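Note sheet for the following structure.
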Amino acid sequence: MAEVNNALPLGELVGNNYEILGIAGAGGMGVVYRAWDSKLERQVALKFLPTLLNADVREREYFVLEARMASSLDHPNIGVIHGIEETADGRAFIVMGFYDGLSLAQRIGKGPLSSIEAVDVAIQIALGLCEAHAHQIVHRDIKPSNVMLANSGSVKIVDFGLARLMSAETATASGIVGSIKYVSPEQALGHRTDQRTDIWSLGVVLAEMLTGRNPFERGAIPAILVAILNEPPQSLDGLPTVLQGIIYRALSKDAEKRYQHCSEMLADLQAARTELSNDSTSRKEATDRKTTHRSHDIRKYVEQASVSTWSRAQKPRNRWLPLGLGLCGLALLASLFFIPQVRNRLFGFRISVGEEHIAVLPFTNIGNNPENDALSEGLVDTLSGKLSNLDVGNKALWVIPASEIRRLKVTDPAAALKTLGANLVINGSIRRDGTAINLNLNLINTENLRLIGSVDVVDQAGDLSALQDEAVSRLAHLMNLPVSAEMLHNTGGSVVPAAYENYLTALGYMQRYDKAGNLDRAINQLNESIKTDPKFALGYGQLGEAYRLKYQLDKDQHWLDEAQGNLERAIQLDGSLPAAYVTLGQIHDVRGKRDLALQEFQHALAIDPRNALAVRGLARAYERSGRVPDAEAAFKKAVALKPDDWESYNRIGNFYDRQGRFPEAIKALQRAIEMTPDNAEVYLNLGATYIDSGDAAALPAAEQALKRSIALEPSYPAYANLASLYLAQRRYKESAEINEKALQINENDYMVWNNLLIDYERSGDSAKAEAVRRRMAPLLEQNIRLKPQDAEAQSLLAIMQAEDGMREKALEHVQTALALAPDDPDVLSKIFIAYELCGDRKQAVKYLQIAIRKGFSLDKLQDEPKMQDLLRDAGLHTGKSSL
């Protein structure tokens, strides 16, 4: 697991003489820091195992073995190992050479390399690999990010984190090791690997250097895997003939047909380098002499690089070609199914059905025993999760997350169709009688409200895990979906029944974690669960999520530490739980560790390529990191994965809104409404987007959308947005009425209080305005204590303190706000007002002019009599700017 835990802070001293300068990257088995060696006065790289694995004796041994193997390699094209040391608390780390320059991945990101440049790099990689292979070491993860292009001009292979001595034990180790776009067919299948695996990867890297794209890039991980195993590399026709031959030979699906030793590929690369560097005449003569032989070889190599991994053992083609191809396709799918590493880690489970969109609705608790309410709600979550396991890799089937159903308050089949676009729902009831538990489920077609079938499952011993597995199997049968014990195991594995009941009850409490006491009850239940069954990975993972929610409520950093510790334990017990990686990514994101967050979301997607929470987390992490194109690509991927899912369009619409791309945002949100015409949330977002666009002509459409949202489901944000629209239109009494309704639902948003204050001031109700001011000041102070980086709150408090004659305090908040958001026109508009109220006309004029340059509209001051003198001194008037 390429995971980084407890990142070392800048400036920390490690091993007495290594000062941490920053994170350089993360490799196959650990995190790498850039550090300063104060003894020898040089920059070095320090490679650590993750904290979780550092305590694992076997992983620690592998780590030291890696260092010993790599340190035995003394070659200019292999990253140097200086030594192995330990921190004061016993964490082992390797001291390696640090190389200024770019990774090959970064260089390719700037565009394809020239033929000569690419061959020069490939020759140096091949030289390094020849040295490693001579010492019986296989890298097994050759890829552009593991190749450094030093500023000195040399090429260095780094990160032998996946290298293992070539022995019978290690060469046949199960599992797919390496980065998926560069793994050889034998790696993908978990077969024996040797030096020819590195030769394959070098062929992929060479093709990518020359074309700017990976020859097996197909988007989703399962499609990439199929391409590696069964399809030819993407066309290399535009490349020099001599290089085509080398690449196709390196990419033979059958390792026996590949270069057998790296020295053979190196010789061809060196010969190609000589030929490419000749002048055009010499090159033409050389080509003419070799054309016949080379064309024959290339045809042979192309065929070897194109033949399916599964078709090599079949008989020669006969006249029943279409049937033969069909059988090959079936053989391919069957083979994929029976390879656990492929099925579980990459493909998920593929089935062929119609377009089935499934919602599991809340169950009825028969007997109304309040002790079973939380258990009933938890069952909905886990049943949805188990059904979702059938969904992985199957684009025709998706299960709507239980959290979405609760959030949108969907309780009946008709609403599930209109609000969520579900054409199938599962509802039912749960009844307890002593230890026995009875679960009755109905499968209903929402389009005609026809009952497709029912499932009645009883477990006399009260084993809820077994009960659910039986229910899922029988529901799958009703939907004509195959299900296996392996698939059920992947949703949590075996567990002590009492521990599972605690777990389900905790899930039920967590559905309303905002209700006082529920989160603590959930945490108590989960602690009981893992106490009863210390190896219950799902229990630790959900406990991590509970502590994350605890932090979300009170912002105590201690809860994040608790969350991370439990999530790491969950992953240690079962590394195939995507939810644990998603939650860990969310924690890193909250802590501002964007790179670590991205790693965890990507890890979740490597397990479940269609995990919606992971895709969304990845997109938001990219966006918060300023990587807007990557964020957009991730949001688009979410749409492509589930093109009939309204939520994907809703989220990309909100993304476009945040980026100021309003026409695209409106189009995406309108598409979501087409899918779910009674969805209050989407109407809310559409109305807010119309307002954000700043187009006065769009305000009637915004009002219509927000009113529709309120009619479907009255909500605080819908009221708040509608009130802000009325405020912009100077409809102050209507705005005040709507703001009051918003505050009845949520009285803790200072911005709504501020808008209500403006409503009362401008409608002449001074008594109500003063009452709002008294309520608003302590709310702002509380918000700043919790979120001192909130520039909007800082600038608003400055205005209120200036109005109260607290000049020094007001100016302190002004300076803080300016430091936090020097270019935000909304913040700047409050800054110049605060300066004016403090009696500093010069500064007020200065920041008024800056605010206008940053986009502030003078029309907003039209009804501000206190600001008219300032405008005259600045040579301005409302409605027109002289700047």
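Each residue, glycine too, has its Cβ placed from N, Cα and C.
Taken from TrEMBL, the feature domain 'Protein kinase' applies to 18-276. Averaged over the domain 'Protein kinase' (18-276), the predicted model reaches a pLDDT of 80.
Positions annotated as region 'Disordered' by TrEMBL: 274-295.
Annotation source TrEMBL lists transmembrane segment at 320-339.
The feature repeat 'TPR' is assigned by TrEMBL to 578-611 (among others).
Outside the repeat 'TPR' (612-645) by six or more residues, the chain places 219-220, 355, 357, 395, 398, 401, 421, 578-579, 581-582, 585-586, 589, 594-595, 597-598, 601-602, 604-605, 651-652, 655, 658-659, 675 with a CB less than 8 A from a CB of the stretch. Annotation source TrEMBL lists repeat 'TPR' at 612-645 (among others).
Long-range Cβ contacts of the repeat 'TPR' (646-679) within its own chain (Cβ-Cβ under 8 Å, at least 6 residues beyond either end) map to 404, 408, 415, 418-421, 612, 616, 619, 623, 628, 631-632, 635-636, 638-639, 685-686, 688-690, 692-693, 695, 712. The repeat 'TPR' annotation in TrEMBL covers 646-679 (among others).
Residues of the same chain lying 6 or more positions beyond the ends of the repeat 'TPR' (716-749) and with a Cβ under 8 Å from any Cβ of it are 680, 683-684, 687-688, 691, 699, 702-703, 706-707, 709-710, 755-756, 758-760, 762-763, 779, 863. Residues annotated as repeat 'TPR' in TrEMBL: 716-749 (among others).
Listed as Cβ neighbours of the repeat 'TPR' (791-824) (distance under 8 Å, sequence separation of 6 or more from its ends, same chain) are residues 750-751, 754, 773, 776-777, 780-781, 783-784, 830-831, 833-835, 837-839, 854. The repeat 'TPR' annotation in TrEMBL covers 791-824 (among others).
The helix, strand and coil residue counts that DSSP assigns across the repeat 'TPR' (716-749) are 27 helix, 0 strand, 7 coil.
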